[in-house]
Amino acid sequence: IIGGQECDETGHPWLALLHRSEGSTCSGVLLNQDWIVTAAHCFYLGELRIGLGVHNRRVLRGNEQVRVSARKKCYPATASIITNSSCSEYTDDIMLIKLDSSVEYTERVRPLSLPTSPASEGAECTVMGWGTTTPPDVTYPAVPVCVRIEMLNNAVCELARDLWNITDSVLCAGTWFGGKDSCKGDSGGPLICRGQLTGIVSWGGFPCEQPLEYGVYTKVISFLFWIQSI
């Protein structure tokens with residue numbers, strides 16, 4: 001996350017940290033005791049290690065809950081997958097992961113509400129994650145960083161992205177003058193509007209946070225029926 005501050009230690013109980021065996025990370029969001037949602041491009045053929053209740057990933061407190069992925073589902077629901085072919089398309093950059101055992105709800109491990117209505121253009125929303133804070137260099141913080149950005153009309157991203165795939169199932173968000181953005185390592189994390197999971201960090205330009213460059217987020221409300229069918 002660029003241009004933000006360390007998240008409040010108790011202010012992200014739904015935020016999951018996803019680890020691949022080779023070390024790269026994504027974020028995810030706890031939906032209920034058994035499932036998290038993340039970006040499809042975070043797909044990994046092997047087991048993903050999932051930390052919940054994590055704040056400082058280098059200094060664990062002992063009340064974190066660690067699970068591994070038992071099953072991964074990409075959109076559409078028929079893609080309960082063995083290979084990553086159905087998960088690699090950014091057009092529907094959303095993936096559900098079933099945990100190997102249920103989490104216990106605590107002060108630091110709780111789900112985030114799904115959206116009840118679309119976020120309005122101009123709304124201020126919060127994006128968070130453990131991604132790099134120093135583009136074009138890559139420096140990953142020990143703690144999640146939060147920043148507030150603005151919901152923009154998708155046409156803004158279409159102009160900035162010049163024929164990139166801006167569909168009705170994505171959202172455009174950022175700041176006109178740059179300086180605040182999600183970035184490398186934040187993929188799969190939440191864009192939160194009015195206390196609800198409005199978007200999932202999907203993609204954007206690099207270096208991040210450039211003026212007239214914006215982040216693209218999976219529009220969660222477009223996949224609500226699918227998510228609720230698990």
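The backbone N, Cα and C atoms fix where each Cβ goes, glycine too.
Residue-level annotations in Swiss-Prot identify, among Asn84, Asn165, Asn84 as N-linked glycosylation site. Candidates considered were Cys157, Cys183; the recorded disulfide partner of Cys172 in Swiss-Prot is Cys157. Listed in Swiss-Prot as the disulfide partner of Cys7, from the options Cys87, Cys125, Cys146, is Cys146. The recorded positions listed here (Cys7, Asp93, Cys172, Cys183, Ser187) include Ser187 as those with a Cα within 10 A of the Cα of Cys26 (disulfide bond). When the alpha carbons of Cys183 (disulfide bond) and Cys146 (disulfide bond) are compared, the span between them is 12 angstrom. Separation of the C-alpha atoms of Cys42 (disulfide bond) and Cys125 (disulfide bond): 23 Å, rounded to the nearest whole number.
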